[in-house]
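Each remark here refers to the structure printed beneath this line.
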Amino acid sequence: MVGKLKQNLLLACLVISSVTVFYLGQHAMECHHRIEERSQPVKLESTRTTVRTGLDLKANKTFAYHKDMPLIFIGGVPRSGTTLMRAMLDAHPDIRCGEETRVIPRILALKQMWSRSSKEKIRLDEAGVTDEVLDSAMQAFLLEIIVKHGEPAPYLCNKDPFALKSLTYLSRLFPNAKFLLMVRDGRASVHSMISRKVTIAGFDLNSYRDCLTKWNRAIETMYNQCMEVGYKKCMLVHYEQLVLHPERWMRTLLKFLQIPWNHSVLHHEEMIGKAGGVSLSKVERSTDQVIKPVNVGALSKWVGKIPPDVLQDMAVIAPMLAKLGYDPYANPPNYGKPDPKIIENTRRVYKGEFQLPDFLKEKPQTEQVE
C-alpha cells in the first residue's frame, strides 16, 4: 500500500515537472521572438511623422496636426507686445494661440545646454541618444504641448517670448513654421518690466543699466536668428507701429502667414472669454492691459524714469536700439502719428471704460520669465 502511494506521488511529480518544463520552454521561445522583433532596426520614417488630431465639436471638424503644418511662433523680449500680438491673432476665428505654456522655452533651453556641452554630447551619443533621436522627441513633445493646451483650430500658434532664442532650431524641427519677432523700444520694455516687477531670469530689476544690457543681448540673439532663417519665415513686428496702425500691420502680417483677413483681429477686446476667442490667464502680467482695445497709452511711459547716467551711455549699453531703428538719444523718439480709431481708443482707455472682468480677477503671483 505504501509502495503504491509512493509510485503515485512520483508519477504526479513527474507530470507536474513535465508541464512546468513545457510551459517554460514555450515562454522562452516567445521571449526570444520578442527580443528578435525589438532588435530589428526601427523605421525612422514612422518616428518622423507624428500626427496629432483635434476635434472641434462646435464646427464638427477634425484637424490633423503634424510637424509639417504651418505653426506660428510669437516671441521677443518680455514686455514687447507679445501678449497683444497673440490676443489679436486669437481673435481670428481660424487661429488659436492661448496662454504662455512656460514649458516650451525651458525644454528648448535644456536642449541648448546639452548641445553646447561637448562632454554631455559625447555621453548622449555613447548612450545612443543622438541628435536625430533628440530632435524626434522634441518634435513630438512640443507638438503635444501646442496642440493639447487649448482648443483645436485650423492654425495653431505658440507665444512663449524666449522660445525664439531657439528660432533656428525650431525652424529645423518644424520646416513650415513661421515666426513673429516682436520688437519694442528697449527703454520702454525695461521700464515696463521694472515698474510692473516682472521677474526675468538674469535681469536685475534694481538696475536699468543691467536690464538694458540684458535686453540688448536677448534681442540680438533673436534678431540674428530671424535674419538667418530669412524674411520668408520670420517677420519683425515693431510694437509701436502695430499699436499706431493696427489694420495696416495686421493685414501685412496675415498675408505673411497666408491666412485670410478677418476684421475681428482689430477688436480682440470683444472676444475675451468667448468660445473660440481670446483666452487669458489670471496670473500673466499683461492680462489687465490686453482687455483694452489697441491704444498708445504705454508708448512713452518710460520717459523721465531712466537715470541720467544710463541715458548718457544708452548707445553703448544698448546698440541694438539703433539697429532696430530707434534713436538712442531721443527722449522720447517720434514713433509716429496714430490712426484716428486709435486716438479714440486711447481716449476711452483714459476714461476708464475698460475694467478687468470678474472671472479674471485674481491677484497675480510674482511671475518669472525664463
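Residue positions begin at 1 at the first shown residue.
Any Cβ shown, glycine's included, is placed from N, Cα and C.
As recorded in Swiss-Prot, the features of this protein are as follows:
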TOPO_DOM  1-8  topological domain 'Cytoplasmic'
TRANSMEM  9-25  transmembrane segment
TOPO_DOM  26-370  topological domain 'Lumenal'
CARBOHYD  Asn60  N-linked glycosylation site
BINDING   79-83, Arg184, Ser192, Arg196, Tyr239, 286-295, Lys301  3'-phosphoadenylyl sulfate binding site
DISULFID  Cys97-Cys157  disulfide bond
ACT_SITE  Glu100  active site, proton donor/acceptor
REGION    102-106  region 'Interaction with peptide substrate'
SITE      Lys159  site 'Transition state stabilizer'
DISULFID  Cys226-Cys234  disulfide bond
CARBOHYD  Asn262  N-linked glycosylation site
SITE      Ser286  site 'Transition state stabilizer'
Please list, for the region 'Interaction with peptide substrate' (102-106), how many residues fall into helix, strand and coil according to DSSP.
-> 4 helix, 0 strand, 1 coil
Ser286 (3'-phosphoadenylyl sulfate binding site) to Cys157 (disulfide bond), Cα to Cα, whole Å, comes out at 18
Same chain, 6+ residues apart, C-beta under 8 Å of the C-beta of Arg79 (3'-phosphoadenylyl sulfate binding site), given in sequence order = Arg184, Ala188, Ser189, Val190, Ser192, Met193, Arg196, Val198
Under 8 Å Cβ-Cβ from Cys226 (disulfide bond), six or more apart in the same chain: what's there?
-> Leu164, Leu167, Phe179, Leu181, Cys234, Leu236
Residue, out of the disulfide-bonded residues Cys97, Cys157, Cys234, whose Cβ gathers the largest set of other Cβ atoms within 10 Å | Cys97
Lowest 10 Å Cβ neighbour count of the recorded positions Thr82, Asn262, Ser286 is held by Asn262
Output, ordered by sequence, the same-chain residues six or more apart from Gln289 (3'-phosphoadenylyl sulfate binding site) with a CB under 8 Å from its CB, or 'none'.
-> Thr83, Leu84, Ala298
Measure from the CA atom of Cys97 (disulfide bond) to the CA atom of Asn262 (N-linked glycosylation site) and give the result in Å, rounded to a whole number.
-> 16
